Amino acid sequence: MKKYYITTPIYYVNDLPHIGHVFTTVLADYIARSKRNLGYDVYFLTGTDEHGQKAEKTAKQTGITPQELADRVVENYYKLWKQLNISYSDFIRTSESRHKKGAAEFFRIVHHNGDIYKGFYEGWYCVPCELILPESTKEEEACPNCGRIAEKKIKEESYFFRLSNYQERLLEYYRSHPGCIKPESRYNEVMRFVESGLRDLSVSRVSITWGVPVPGDPSHIIYVWFDALSNYITALGWSDNDALFKQYWPANIHLVGKDIVRFHCVYWPAFLMSAGIALPETIFGHGWWMMHSAKMSKTLGNVLKPEPLLKMLGSDPVRYFLLREAPLDTDSEISLESIIGRLNADLANDYGNLVSRTFQMIHKYFGGSLNKKPALDTAENSIINAFYSLKNQMDDYCTNLNLAEIFRQTWNIIYLLNKYIDEKQPWAKFKSPDNRDEVEGILYFICDFIRILSILLYPAMPESSTKLMDIFGIKPEEVTLEKTEYGQLPLGVQVPKSLILFPRLDIKEVLKQYEIE
């Protein structure tokens, strides 16, 4: 069986999860479910980054220990991922002993290979990004990663990683593996950054205590990014019980936001090269969700909270919107109005109405079950061909994160099915007893495609798809898109008289309810 290893970044525990975390994780879940649907052996990793000055500072302000802070925030992630039906294989926490042991060993190996040395660092540190700024940074100069003014100047002994030694090796690797960083805009950004010159990187701190001690020198704590990035291999048991590591590494894709592309596309590959470990196949740096053309920020008051959205809309609609409007190559605008508009048009009107009116006709004309298949003609074959065309390209679309084309073609099938009903007019044909076998065949054809759609859309909307699969006697874990063909709907399956998968939403009511929440 083909393997597929997909990861999200591990999320900071200094604050609660927001819509950006939700998007990256739903995106990873969609790809993981899709690859399983295509017959892959999938390992899907997510987790939390619990060390560093930011967590230490937040815990102190709250009057608790960093471990207590991490434990509290992690519970919110567990709860939210359960609500969103996130099907991760493992949730790694950097405070776990399995990770700390692996991170320390990773540091030891890189040190042993001559790429870490002790020196002295004096300069500015961006606490929100956990980013050590270049020593040339001046007071009041903005962090190049987030744009904030660096708030803390540090002057301390430090271990350094010889990043400067890897400039040409990285450039050579990027050029020989053009698909290693996606999309292309991110690839070009990383190339420019590395071509401009790399300086050695401080990889330890003595002014904090919350983290992984440097092996053999516990007065130093491993820099949080060196520690955190190693989660992708420590979660697989690298350096210890490494059966999973041998099975799944290298990762097929790391999904990250564009703000942490440099850490993943420059520092992480260099660390791996030093340790003699294969590099991940692809690092995809997606865009941001924007409100009123600005990145969502608590300071600006333009943040959409995931919990009230889930409470008002449900898991599947939230997942669908984020995937359908996904900011992959560029940033995307988000608002309650745009969410409701998309959900009403696609889910309530197109897909939901197709299911509802088909089931109603099956009940009205045939008592809820069908016992005849249709003769296939041009109209039916055009829809069948549209499905097989998408099915045959799904693997490539998922690998390249071409979600726009997946949903465009899926909704084209839904459009063609609705058009098929309107043109065939089964309600009119049924008036003549001579046409009733034909009507039964028409409804079988549509009903079988509803079954196919439930399998096709399962990775995006598992709850609604499972409702349909239950009706058709399908167990999600036993059915894959790979083995799905037209005509597999058993005769005699009983469908409900009415099924409203996606109620139409009133934007005024949603806005009012969101304010209350």
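We number each residue from 1, going along the chain as drawn.
Every residue gets a Cβ built from N, Cα and C, even glycine.
Predicted automatically and left uncurated, TrEMBL annotations should be read as such.
Keep in mind the model is a prediction, meaning the values are calculated, not measured.
According to TrEMBL, the protein has these features:
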DOMAIN    4-358  domain 'Methionyl/Leucyl tRNA synthetase'
MOTIF     11-21  motif ''HIGH' region'
BINDING   C126, C129, C143, C146  Zn(2+) binding site
MOTIF     295-299  motif ''KMSKS' region'
DOMAIN    404-502  domain 'Methionyl-tRNA synthetase anticodon-binding'
Collapsed DSSP category at C126 (Zn(2+) binding site): strand
Protein Cβ atoms within 10 Å of C126 (Zn(2+) binding site), excluding its own: 23
PLDDT averaged over every residue in the domain 'Methionyl/Leucyl tRNA synthetase' (4-358): 93
